[in-house]
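Undergrad: First the structure, which I've put down as structure tokens, then a few questions once you've had a look.
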Amino acid sequence: MQYSAYSVVFSILAFTGCLACIPPLVVHIRAGNTAAIILTVGVIIMCSFNALNALLWPTAASDTWWNGKILCDIEAKLYFGQAVSFNGVLLCLFRHIASILDTDRMSLGASRRQRMVTITVEIGLCIVLPCIVMAAHCLVSPQRYWIRTIAGCTPSLDNSWPSLVLIYMWPMALCLAACIYCVRAMVRLWRHRKEMSTVLSSTPGVTRSQHIRLISFSAVLLLIYLPLDVIAFAGFMRTKWHLYSWAYNHPADWSDIVVFVPQKTVSFDRWSQTFAAYILFGFYGTGHEATRIYSFWIHSLKQGLRRGDGWKPNTMGTVGISHSVPPEASDSHVSTETFQLTELGQ
């Protein structure tokens, strides 16, 4: 099999992006940030698929392509699921930021009920809703899937109104809702800019730099996915629609219909998934918490090599960081929500 330079470069970047997401994932798991964990896992999965697809279908010689069965069945469904999930994460992040900046409802800590509501909302928007959309895709998929050069497995979609309601509407709606919360957060940030030190000091364990990092990370993601959602939504609206037909979307030979679409480059949405991995690393793979994780890994590796026993499991905690809780967060009144924001901002 011949490989093009484009496919090799794209595969390497996607695979490296997977590795770059590991430190941020550890940081988010330690902090217990549900939305951030889902985002990072989703980026790792999509980058893994992108790296693999670029090697399986590297050139436009479609007559020699593998049909991709089973693998593409999974990828085709996850493609739409991750689009909904990523935008759900954006909504959850800005909802959290707006609540932190709400000086009218500030308190020393969120109640157990408030924390449960937050977790329920995050799981609902980032996991449950994407699963529903993936299941609904079966209703508007006239072909089993498409296979494109380098990009590989791509879901097929019927040009009818159910596709708008079941698939394309949700990423756009979630992203617009995230924009609303973003505006609210920015207004509150501007309104209280002179008292921001006081506002942050009323939330134990949160520093100004950590808070700005969280806002910056969320804003960068929004700047990436808002244009992508608008382009995808507008592109679908410009297509020529036809009446929905169950028979057209579920022919007798549906399982055998695989469409091969040779092309020269990868679509922008696949590149955005790879860029998201490096953005995650830039914000959460270079902070103080990540640095301590690297130090522990290096120390454990040296100890293992010195003893000749290989890698030693951590006996000091989930990632072996002795200072798993910031000193200023030792107060019994510090809330889980506050600690999560502290960890997310690092």
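One-based numbering along the chain as shown.
Glycine is treated like the rest: Cβ placed from N, Cα and C.
The feature transmembrane segment is assigned by TrEMBL to 6-27, 34-56, 76-94, 115-136, 165-187, 214-236, 275-297.
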Undergrad: For the transmembrane segment (76-94), which stretch among 6-27, 34-56, 115-136, 165-187, 214-236 has the most Cβ pairs under 8 A?
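TA: Answer is 115-136, with the largest number of Cβ pairs below 8 Å.
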Undergrad: Report yes or no: does the transmembrane segment (214-236) come within contact of the transmembrane segment (115-136), defined as 3 or more CB pairs under 8 Å with a sequence separation of 6 or more?
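TA: No, the transmembrane segment (214-236) and the transmembrane segment (115-136) are not in contact.
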